[in-house]
Amino acid sequence: MQALDRKLLRDFRRLWAQALAIALVLACGVAIFITSFGMYRALEETRIAYYERNRFADVFSDARRAPLSLAREIETIEGVWAVETRVSGAAILDIPGRSKSAVGRILSIPTSGRFSLNVPLLRSGHVPDPETTDQVLVNEPFAQANGFQIGDVFAANLNGQKRPLTITGTVLSPEFIYTIGPGGLMPDNEGYGIIWMPEDAVAAAFDMAGAFNHVSLKLRADARAETVVSSLDNLLEPYGGLDAYDRSQQQSDAFIDAEIKQLRSTSIILPPVFFGITAFLVNMVIGRIIALERSEIGLLKAIGYSNFDICLHYLLLAGLIAVVGIVIGWGVGSWLSQSLARLYADFFNFPFLIYRVSYDAYIISGIIGVATAAVGAIRSVLNAARLAPAVAMSPPAPPKYKRNTLDHALLALRLSQPTMMIFRNLMRWPVRSALTTLGLSLAVSILVAATFFDDSLDTIVDTAFYQSNRQDAVLTFTDEMHESVLEDVRRLPGVLQAESKQYYPATLRNGHLSKRIAIESSRPNPDLSRVIDSDGRVVNPPANGIMLSDRLASELNVRAGDTIAVDFLSGRRESHKIMVAGTVTQYLGLGAYMDMDGLSALFRQKPRIGIVNVTLDENQTDNFHAALKEAPNLAGTTMMTETRQSFLDTIRQNVIIMTTIYVIVATLITVGVAYNGARIQLSERARELASLRILGFTRGEVSFILMGETMILALLAQPLGWLIGVEIARLMTNGFTSDLYTIPLILKPATFSFASLVVLSAALVATLVVRRRLDRLDLVAVMKTRE
Amino acid sequence: MPDLIFRTEGVTKVYDTGEVKIYALAGVDLKLFAGEFTVLLGASGSGKSTLLNILGGLDHVTEGRVWFKELDLTQLNDRGLTWFRRDHVGFVFQFYNLVPSLTARENVQLVTDVSPDPMAPEEALELVGLGHRMDHFPAEMSGGEQQRVAIARAIAKRPEVLLCDEPTGALDSKTGIQVLEALKNINDRFGTTTVVITHNAAIQKMAHRVIHFQDGRISNVYTNDQRLPPSEIVW
Ligand SMILES: Nc1ncnc2c1ncn2[C@@H]1O[C@H](COP(=O)(O)OP(=O)(O)OP(=O)(O)O)[C@@H](O)[C@H]1O
Ligand SMILES: [Mg+2]
């Protein structure tokens, strides 16, 4: 081994603590990049492959009842490649051994027995004989959650008729990678199942012989979804078509898409922060080493080493740091990706996950890591190359401390000499001080941006579950019912309160802007399902007009007092001009609200309801469920108590994981910045500090100078970190806002104090470690060394 | 007549510090011959180090020319000077300038790694009487020993010239003499042209030739008829 290489390795070993502190920051960036990029690729490729193999459709539409012959016409729409019609329905399920009722979505299996679109993948058993009426396929997660075996039987209330169904096989479908039952917020595999039944049997049960109520289309590669959607709407219009939609509004795909987008933006936004901090730290450390080794550099040049050799020597030192960081990052990243892949496998129901170890993610992150270190080192390294050998060997001129206005101000404060030394040094290296402050403030901001989420979710949960939706269960009916059904519900065992509600699918239009939503209509002053404004006030929709959530209003660009066109998609399918009576801030969904009587007057009919909210006597829930299993016309039940619980559990778990990760990340950044900063100061000022000790200053006084500087910067970093954190939080809330939910920006003092506490403690510990070195400083040796 | 190794012609070196121009060298004409042991004497600030650095290709002249044999050093760029140093020159400085993280042997190896025809590091260390300290780090050696490592490092490449700037400046007389012995030994055995800067007038007694410096100029040159061995030099 060459002597210069040996020097490199020894220098590296001597620097291990500083190198490790930097390497860990870099490792964070690399690990996050590998994980998010790797998972992004895995999900994306899996989705593409799955959709292609199982011919997932591009456009979907529901209708009330369309003749099968219409399929021919649909096929002739420009750009359509394949059409599959089917009958779909909802049913309350009675699962043996389960006291609560479950909800099933029934889908027809084509009479031919062969699916042309949305082909379910058989996981076990066989497809039922098309002739049979009591054999079904179920989705695998539902079967697993309920412990079903092939041949097991459960009962379904099909359009008022309770029938036993035998499971002949389990499947996975590209349509149901992520499934949430009606009214649910989280997947509930036990309580919500997808059931495939031979078409004839479904048609008979739902009175749909010779007709269909759902159609899926696969388009040619060059087709435009929007034009097909509008042609399809036109064809289905006479048959009660509910506006057609493309994949972006297909529940399962929309969720996966959101996840993929989030992974991609994570892989783009987050790692650069770590790479930037790494570059700064490398710059600081290599710069200091080169300053220290001035005379060695001069010597190497005198001996005949070329500038290139010297550049390479110090670049390699930076490179070694990068290599350690990259290797750690790769390790952690691989482990994280695997855990995450397992998590995704639970969360999304893919039959396979194409998790190829994407070598390019490793290569790209490796290259970026090395480049980061090189960028950090290059300025100092070039300075080293530029040093003339003769100059390098003479000691550097003492740093110039200049008097400026700030200095005069400090003098006027009559600070002690040690304090003056701290301030003078800060001003002596303004760029370094500023960057150190910035680095520490990024740690603060990461914590602010991570923990504000917690409070925001609390607010959402409180508003959604404890203020707005206070019912214990939601009953959904298959048809619009007369309001007298309320009385029937009240008579069910255990029901304490019952309130009516109805959703009307509708398209709201303002000029060229339009949005398909469901208008919620209810009686004034409900007790269970209330509309709450952001200030906690209960709001009632006015007798005339429509009230919109502010997000919906802004998407349609309307304000209170404006008039919008409302095309109702159910019932009489009429179009009305309705005045926007007001807007209300809502976190979940795109709500639109109307008064039940007002709406009935518009339709010139008696009020109709499809939803009943109830509160229950806890002791009677089993009886209540037993009764539901027999109830006709019931399409579904949602137990809000369970929804609440599963939502809270999931959130709590996520919040704990998130907070832990971000605390680790922020600590790593802080330690990386503070430790290196203090180490470099110690090295720069060892003589000065040793002289003070010789003059009779105590250890405490001397370490005050050393630690004071880093801690002052850490303090300065707090307000800056808060500001940056709030900005990041704001960006995140904007970025996460979708039609599904908005995240309110809730900033509590605790968020800021927690962030500051973590960062200040980490900085203090890091400088204390350096202080121990100061305590061990060999005064004689320091004074003897020539610098 | 021995071969000419260095020849300078009207060399000046001016430091422009803004307010004043400092003439570190104000016209130096000099010839150094193969195998010669030369001592440079002169008051502090008289320009000795500046001249040595220019001869060794560490620094550039402001005006004038410098030849190493047929090679015009003043025409060389940075790269050329690096190669010149690598192939022909050995340096010894007052403050040893060892790399603290490398052992004695490795410090010497630093040179042998990049020279075309080096001797073994061990051999070079034997020559300065440090065969038994090869695996010690600089911090584990005395000043004299460190300086001898520096000399071993300088000679390990078998340089044609050895330039020493106050090699005994930081040493007491006893260790200083050991260092001078080592230098003389090299000069005798290999005929290495050696230039030694010193403030110690006694050292001039071991030189072939003594050059006095004053205010950036050569003020006086004389040749020793009778050289003393270092062991008989006292200061
Ligand atoms: N980088 C520089 N900038 C300005 N002036 C310089 C510089 N280097 C040297 N000088 C000046 O040039 C003159 C000659 O310096 P040089 O180092 O050659 O003296 P010297 O004879 O070696 O002195 P000493 O015996 O003290 O080492 C001095 O006056 C010195 O101040
Ligand atoms: Mg000098």
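Start at 1 and count along the chain as shown; that gives each residue its number.
Glycine too: its Cβ is placed from the backbone N, Cα and C atoms.
Remember, TrEMBL labels are computer predictions, not curated facts.
As given in TrEMBL:
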type	residues	note
TRANSMEM	A:20-40	transmembrane segment
TRANSMEM	A:269-291	transmembrane segment
DOMAIN	A:273-387	domain 'ABC3 transporter permease C-terminal'
TRANSMEM	A:312-333	transmembrane segment
TRANSMEM	A:353-378	transmembrane segment
TRANSMEM	A:429-453	transmembrane segment
TRANSMEM	A:655-675	transmembrane segment
DOMAIN	A:661-774	domain 'ABC3 transporter permease C-terminal'
TRANSMEM	A:702-725	transmembrane segment
TRANSMEM	A:745-770	transmembrane segment
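Below 8 A, the CB atoms of the transmembrane segment (A:702-725) and the transmembrane segment (A:269-291) form no more than two pairs separated by six or more positions in the chain, fewer than 3 in all. Within its own chain, the transmembrane segment (A:745-770) has Cβ neighbours under 8 Å at 17, 21, 440, 443-445, 447-448, 451-452, 455-456, 458-459, 663, 666-667, 670-671, 674-675, 678-679, 682, 706-707, 710-711, 714-715, 717-718, 721-722, 725-726, 729-730, 733, counting only residues six or more beyond its boundaries.
Long-range Cβ contacts of the transmembrane segment (A:429-453) within its own chain (Cβ-Cβ under 8 Å, at least 6 residues beyond either end) map to 273, 277, 280-281, 284, 655, 658-659, 662-663, 665-667, 669-670, 672-674, 677, 710, 713-714, 716-718, 720-729, 732, 743, 745-748, 751-752, 754-756, 758-759, 762-763. Within its own chain, the transmembrane segment (A:312-333) is flanked in space by residues 4, 7-8, 11-12, 15, 19-20, 22-35, 38, 278, 282, 285-286, 289-290, 300, 362, 365-366, 369-370, 372-374, 376-378, 380-381, 384, which lie at least six positions past its ends and keep a Cβ under 8 Å from the stretch. Summarised by DSSP class, the composition of the domain 'ABC3 transporter permease C-terminal' (A:273-387) is 99 helix, 0 strand, 16 coil. For the transmembrane segment (A:655-675), the partner stretch with the highest count of Cβ pairs under 8 angstroms, out of A:20-40, A:269-291, A:353-378, is A:20-40. Taken together, the residues of the domain 'ABC3 transporter permease C-terminal' (A:661-774) have an average pLDDT of 85. Counting residues per DSSP class in helix, strand and coil order gives 99 helix, 1 strand, 14 coil for the domain 'ABC3 transporter permease C-terminal' (A:661-774).
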